[in-house]
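Q: Input: one structure, supplied below.
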């Protein structure tokens, strides 16, 4: 009888622990160390606070969200665990920040993108390498990858030491319009998520990548609060629709022509 009681108590404890553990994650798992060499972290210089994610697209440029802008920031590359430093981690500062100023046929939903030129080139290493830009737009129905050091609880904020990765589905833009009627009829954004809920990007994942077929297709932009609600996907700035702007700046064109 005593043995049965002990085993029953152990089972209760185990089930309780499993339930609490599952409540600590907005979907996803710790990223594999080798799968996010392009993922960068943006920090505030004065407070040291972690702000946002971003993506290294070549040795001199990082792509992130415009709303991540702060006057004094630095960019950390090659990081996995905030508590343990790799030998090849590197820190850079913005040399110049570029924002999408175009107004013709563009709404505020189309402009949450920022290109940062670093103060000096990054050295590729075991934990640092750029992610390729797309040559074509992503297809609805694609399974895409998101990642970041954003909060793992919502609405209360709990920041992890390691980045979390998850797979989400690329949805038709009309799905997001059906949920959020204030969205414009046409937009240079992507709609993505898991309609069953439980998996989502969240606060401080902003600026991080949406990766489809190994290419940077989106930048984490906006989502409903709390995060990971059923039938409430999130919005991602569509990188392909801003490709000419990005490539013109990298090529040194200071008078970038806005797309039609």
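Backbone N, Cα and C define each Cβ position, glycine as well.
Feature table excerpt (Swiss-Prot):
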SIGNAL    1-18  signal peptide
DOMAIN    25-251  domain 'Peptidase S1'
DISULFID  31-165  disulfide bond
DISULFID  52-68  disulfide bond
DISULFID  102-258  disulfide bond
CARBOHYD  105  N-linked glycosylation site
DISULFID  144-212  disulfide bond
CARBOHYD  156  N-linked glycosylation site
CARBOHYD  172  N-linked glycosylation site
DISULFID  176-191  disulfide bond
DISULFID  202-227  disulfide bond
CARBOHYD  253  N-linked glycosylation site
Q: Find the average pLDDT over the domain 'Peptidase S1' (25-251) in the predicted model and report it.
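A: PLDDT averaged over the stretch: 94.
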Q: Would you find the one among the glycosylation sites 156, 172 whose Cβ has the most company, meaning other Cβ atoms within 10 Å?
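A: Ranked by Cβ atoms within 10 Å, first place goes to 172.
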Q: From the Cα of residue 144 (disulfide bond) across to the Cα of residue 258 (disulfide bond), what is the distance in angstrom?
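A: Residue 144 (disulfide bond) has its Cα 28 Å from the Cα of residue 258 (disulfide bond).
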Q: Neighbour count first, Cβ atoms within 10 Å, every protein chain included; then name which of 31, 52 tops the list of disulfide-bonded residues.
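A: Within the set of disulfide-bonded residues, the most crowded position is 52.
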Q: Whole-number Å only: compute the distance from the Cα of residue 176 (disulfide bond) to the Cα of residue 31 (disulfide bond).
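A: Taking the Cα atoms only, residue 176 (disulfide bond) lies 27 Å from residue 31 (disulfide bond).
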Q: Spatially, and counting Cα to Cα, which of the recorded positions is closest to residue 253 (N-linked glycosylation site)? Options: 31, 52, 172.
A: 52
Q: Sort the recorded positions 31, 68, 105, 156 by C-alpha distance from residue 202 (disulfide bond) and give me just the closest.
A: 156
Q: Counting across all protein chains shown, how many other Cβ atoms sit within 10 Å of the Cβ of residue 202 (disulfide bond)?
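A: Here the count is 24.
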Q: Cα within 10 Å of residue 68 (disulfide bond): which of the recorded positions 31, 102, 156, 191 qualify?
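A: Near residue 68 (disulfide bond), where near means Cα within 10 Å, there are no recorded positions at all.
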Q: Determine, to the nearest whole angstrom, how far the Cα atom of residue 105 (N-linked glycosylation site) is from the Cα atom of residue 212 (disulfide bond).
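A: Approximately 26 Å lies between the Cα of residue 105 (N-linked glycosylation site) and that of residue 212 (disulfide bond).
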Q: To which of the disulfide-bonded residues 165, 191, 212, 227, 258 does the lowest count of other Cβ atoms within 10 Å belong?
A: 258
Q: Hey, how far is residue 102 (disulfide bond) from residue 52 (disulfide bond), Cα to Cα, in Å?
A: 24
Q: Should residue 176 (disulfide bond) be counted as helix, strand, or coil on the basis of DSSP?
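A: Where residue 176 (disulfide bond) sits, the three-state DSSP reduction gives helix.
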